[in-house]
Structure formats: structure tokens, C-alpha cells
């Protein structure tokens with residue numbers, strides 16, 4: 001049989017086999033070792049190795065599949081994985097049809113916020129993007145397996161590595177002495193069989209193939225394994241019997257199996273060089289020309305910067321979720337110092353953190369950041385309401401830190417989405433609200449800040465929406481409720497009289513009559529890519545009630561009339577394009593964290609750039625030794641646009657805020 005691109009030989013030649021005496025000696029030694037250790041793990045090695053040795057004929061796997069299919073009534077021919085006897089879904093390069101394997105469960109969505117799976121199974125793609133369907137058969141890949149086994153090949157053609165969609169590659173029982181590092185391009189491989197060759201080493205790039213479930217390297221000349229293979233966190237079977245493997249690896253495999261070997265390699269892997277510092281990208285402010293000329297050298301021109309960072313809550317950072325991360329790099333004692341150092345190094349005026357534990361906030365971050373002139377506002381998720389104090393300290397939430405030498409906190413507010421939903425009359429008849437929104441305990445935190453020198457004001461909202469891509473309707477509802485609360489808070493803030501006095505050299509403090517006249521920041525982990533309804537709603541100010549992200553669920557006026565807000569918002573990264581990702585794991589990478597700002601009151605003047613691409617080419621995901629969370633921080637700098645200033649008032653104002661349905665609390669002026 002021939003395959004596309006001339007990958008297979010047109011004729012079937014017999015492969016050169018190993019010496020019978022060598023094979024028998026290896027089998028006898030392995031059997032003796034297994035018997036001596038009584039290890040089920042090594043017994044499994046022997047069984048799999050024997051199956052591999054019986055698969056040394058040309059195109060063995062493809063021929064076995066064809067033979068098995070002759071008696072089947074279906075026209076599909078399933079190539080079988082000989083190691084399991086289980087149908088491997090695909091179509092081989094030699095033209096054999098096979099069933100398609102679904103690996104979505106392995107790759108999943110962005111790891112975040114509880115890391116569980118939702119009860120609702122509505123189709124959705126990672127982090128809330130609407131599912132994409134293809135109606136064209138020619139757009140669908142019809143094969144994903146290549147069987148090049150038993151052909152006495154000395155080299156693999158480079159064209160093979162162009163087929164990045166491959167999920168199974170059989171290059172067993174050839175005469176290969178090396179594997180090309182280009183194999184890193186086959187990121188979707190779940191099965192790789194390179195048994196029965198002459199390999200004395202395997203490339204460290206194999207560690208980038210994090211979807212691998214089975215890696216067969218039986219009967220080669222391997223004395224050791226590269227520690228980079230420690231990132232193969234989904235590997236179920238590492239076949240190395242028949243190799244002169246060093247004693248420590250062999251004994252570990254005998255005693256504890258594949259998982260233990262991978263963990264050992266992962267934790268002993270040398271730490272690579274850190275990446276270059278992320279570039280700070282300057283952006284020309286969009287101030288009108290006359291205004292820009294007037295204030296070009298004005299020392300009273302106000303600017304501030306905002307940092308947003310999901311720091312990965314300690315209780316979510318488990319070895320099960322982040323099996324590719326060294327245990328020492330996943331430990332909170334290591335990560336917390338790295339996070340604190342990173343936040344302090346950027347020295348942002350306003351820092352918005354998500355997934356901050358109560359204990360971490362009270363005992364660590366507040367303590368250290370207060371020494372850098374920060375004060376903080378923090379609320380845990382709604383579940384903390386009903387917990388004992390010791391349990392409550394193990395709940396995460398959202399925190400806003402601000403420079404206390406620059407800003408005064410006027411009001412802080414907790415936004416509990418499930419509690420707000422209870423108070424809306426139009427939601428009371430919605431089963432979807434009770435079944436989908438009320439069961440999620442996500443929150444947002446709002447802080448109303450006033451500049452101590454100029455009297456100008458800022459509304460800051462820090463949010464962490466639900467993570468599950470199957471609940472993108474819930475994310476949209478949560479953000480809609482957040483914008484409702486931001487507008488209410490802004491309206492209260494606008495009613496307050498201006499600051500009684502300002503610093504010398506500053507113009508009179510601004511007077512605000514409407515909420516949208518106050519500079520406003522909406523930032524956080526939205527768990528939504530730019531193509532979703534959440535981003536569309538924030539950036540455009542409205543989405544229709546029949547938007548696809550509602551998924552035909554009913555949410556009172558939200559779906560009856562559509563969503564809208566009165567702010568002119570834009571993501572701060574729009575001038576350069578959203579970052580390639582803010583969440584980076586083997587199963588998902590994409591932009592889901594944003595800093596939105598009001599364009600009529602603020603100009604973005606700079607943003608923190610992306611991570612070095614060369615560094616990323618050798619990294620399977622975060623967290624790792626250099627990045628302590630599965631998210632990266634984002635940061636932007638803003639200029640406050642000048643507005644008409646009223647005359648300063650000498651009358652001291654009385655600070656009073658009406659009670660909000662979402663737990664607003666006011667702070668007296670100092």
C-alpha cells in the first residue's frame with residue numbers, strides 16, 4: 001500500500017530483526033527482574049514488550065486493522081492500538097479509514113476557579129467561545145494515523161512532521177538511530193511507538209508532546225531518559241523494557257510505574273534560563289491636539305497604572321491539575337514569594353488580584369504590600385458566608401490594592417452575583433437563573449478612589465467570572481450585573497461634592513454630574529475570549545437578547561430586551577491587539593484577562609507586552625519555575641483626560657452613601 005506524499009515504501013520489504021539470542025536474553029532478564037520484584041508495573045512492561053515484538057512485520061498495525069475489518073459490516077476500518085486492543089479512532093495515511101478519536105476531554109478548557117466540570121453539557125469551546133461547526137466535508141481531516149512500522153527505515157522524511165494533526169505514529173521495528181527534534185510539531189500525538197530501533201537517545205522535545213498517553217521505546221539502546229519528559233503529565237504507559245536503562249530509573253519503574261518515573265524526571269529537570277523581561281510598550285495618547293499641546297509639560301497631568309493578575313489559588317494548584325509543573329514550583333511557599341516580588345517590581349498604583357485566599361490576603365499580601373504604601377480591599381467568594389472562621393480562611397476572592405499615598409478610599413463594595421439575582425423581580429420566574437446563575441458564587445469588588453492631590457476620582461471594578469465554557473451564558477449575565485452595579489456606584493460617587501481643597505499648583509477639583517464622567521476601570525479574569533458575548537458587551541455597550549452566548553436560556557429582561565450599559569469602554573490592549581494569551585496551559589492558551597477603561601475620560605499610554613516567543617517554544621505551560629500562576633499579569637498606564645473644572649469649594653462635605661443591595665460600605669474621609 002502507498003500513502004500520500006510517498007511516506008511509505010511502494011513495496012513491502014521484510015524488516016531487519018534483532019538477534020534471536022539477544023531478544024531471548026532480554027526477555028529472560030526482564031522476566032527474572034519482574035519475578036524478583038513482584039512488580040505489576042514491570043509485568044505490564046513485559047506483556048507490552050512481547051506484543052511489540054510480535055508487531056515487527058511491515059505495516060503490522062494497518063494490516064491487523066484491515067484483517068479485523070473484513071468481517072465487519074461497516075465500511076470503516078479501525079486501526080487498533082496493539083498495546084491495548086482498543087480501537088484507535090482515525091484514518092491512516094495509507095488510506096485505511098478509522099474512527100475519529102475525541103481528545104477534547106484531555107485538553108479541556110482553561111484551568112481555573114474550582115477546576116471542576118459543570119453539570120450542564122451544552123456544547124462549548126474553551127473559555128466561553130461559541131462552538132464552531134463545519135458544514136464542508138472537505139474541511140474535515142479524514143485520517144490521523146501513520147503506520148510506518150517494519151520497513152527497515154533509517155530516517156523519517158521531514159514531510160511526516162508537517163502532519164501536525166496526527167494522533168498516532170507507528171515507526172516501530174525500523175533501523176532508526178535518532179529521532180528528529182521536529183517531532184515537536186506533532187503536538188496532538190497520543191500514541192508514539194518507536195520500539196525495535198537503534199535509538200541511544202530521544203530528543204528532549206518529546207516533552208512538549210503533552211497529549212501523549214502511550215510512549216513505546218521497547219528494545220532500543222537507551223541508557224537514560226531526558227528529564228524534559230517530566231512534562232508528559234498524561235502519559236499512562238512508558239515502554240522501556242529491552243533497554244540498558246540506568247538502575248535508578250529501572251528500579252523506580254519496577255516499584256511505582258510510569259507515573260513515578262515522570263514525576264521524578266519532572267522534579268529533577270534543570271531549571272532553564274529565565275525569559276527576557278517583558279517589554280513595556282508605549283502608546284500615543286489619544287488626547288486632542290490642542291489639549292495635548294497645552295498640557296505637554298504640565299506637571300499636574302494625572303496618570304496612573306493598573307495591574308490585573310489571577311495568582312492561582314493554592315487549593316486549586318494541585319498535582320492532578322498541573323502535573324507538568326515541578327512539585328517545588330507548584331508549592332505555595334515558592335509561588336507566593338514570586339507573586340509578591342512580581343507585583344512589587346511593577347509598583348502599579350492600583351493592583352487587582354483574583355484567586356486570593358482569605359488567609360493569604362490577611363497574613364501575607366496585606367502585610368507585605370502595606371510596607372510599600374499599599375492599602376487593600378478584599379472580599380471572599382459567597383460560599384464564605386456560611387463557613388466557620390477556619391474554613392472561611394480557605395476560600396478565595398478578589399482584592400484591590402491601591403497606593404495610599406496617592407489615593408483615598410471613599411467606598412468599597414462587594415458584588416455577589418447570586419445575591420443580586422435574588423433581588424431582581426424579573427429573574428424570579430427564570431428557572432435558568434436558579435439552576436445556572438444562583439449555583440455559582442463568583443464575585444466582583446468595586447472601589448471608589450479619590451486622588452489626594454487633585455481630587456479627581458476613579459471607579460475600579462475587579463471581577464472573576466465563572467470558568468466553565470459550558471456556562472458562557474452565566475458569564476454574560478454576571479458581567480451584565482457587574483455593569484449595573486458599577487453604574488449605580490458611579491452615580492453615588494458623582495453626587496458627592498468635590499474635594500474641599502487640592503494640592504498647590506493643581507486646578508480646582510473636577511465636578512461630576514453623571515457616572516460615566518468619572519474615569520472607570522473594569523478589569524479581571526473574565527474567562528472569555530475576545531470573540532464572546534462578554535467582550536462584545538463590554539466593548540460595544542450592548543448585545544441583543546438572542547445573542548448566541550445566552551444559548552436559548554431565559555434571564556428576564558436581559559434576554560427579553562437585551563443588555564446595555566452607558567459607558568464607552570475599550571480594552572487597554574486594543575491599540576496593539578490583545579495579547580496572544582493571558583492563560584497558558586497545555587490544554588489551553590488564550591486571552592481571557594482584560595483591563596477595560598472609559599475612553600471619554602482616560603487615554604491609554606502604555607501596556608505590558610507579551611512573553612518572549614523563543615522562551616515559550618520550550619515551555620508546555622504555566623505555572624513553572626519563572627511564572628507562578630497559570631495566568632500572566634497584565635498592566636496598563638493611563639492619562640486622565642482634562643475636563644471642565646469647577647471652582648473649589650471651601651465647604652467641607654458630608655460623606656454619605658445610600659445602602660446598596662450589593663453590600664456597599666463607605667469610608668470616612670481622613
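Placement of Cβ uses the backbone N, Cα and C atoms for every residue, glycine included.
For 355, the entry in Swiss-Prot reads Mg(2+) binding site. Annotation comment: Swiss-Prot describes 9-39 as compositional bias 'Low complexity'. Per Swiss-Prot, compositional bias 'Polar residues' is recorded for 123-136, 646-670. Residues annotated as region 'Disordered' in Swiss-Prot: 1-39, 103-137, 644-670. The repeat 'LRR 1' feature in Swiss-Prot is assigned to 165-186. The repeat 'LRR 2' annotation in Swiss-Prot covers 188-209. Annotation comment: Swiss-Prot describes 211-232 as repeat 'LRR 3'. Annotated repeat 'LRR 4' per Swiss-Prot: 234-253, in sequence order.
Within 10 Å of the C-beta of residue 355 (Mg(2+) binding site) there are 26 other C-beta atoms, taking all protein chains into account. Averaged over the repeat 'LRR 2' (188-209), the predicted model has a pLDDT of 98.
Residues of the same chain lying 6 or more positions beyond the ends of the repeat 'LRR 1' (165-186) and with a Cβ under 8 Å from any Cβ of it are 15-17, 52, 55-56, 60-61, 79, 81, 88, 90, 101, 103, 141, 144-156, 158, 192-203, 205-206, 208-209, 211, 216. In the repeat 'LRR 4' (234-253), the DSSP tally of helix, strand and coil residues is 7 helix, 3 strand, 10 coil. Helix, strand and coil residue tallies for the repeat 'LRR 1' (165-186), in that order: 5 helix, 3 strand, 14 coil [DSSP].
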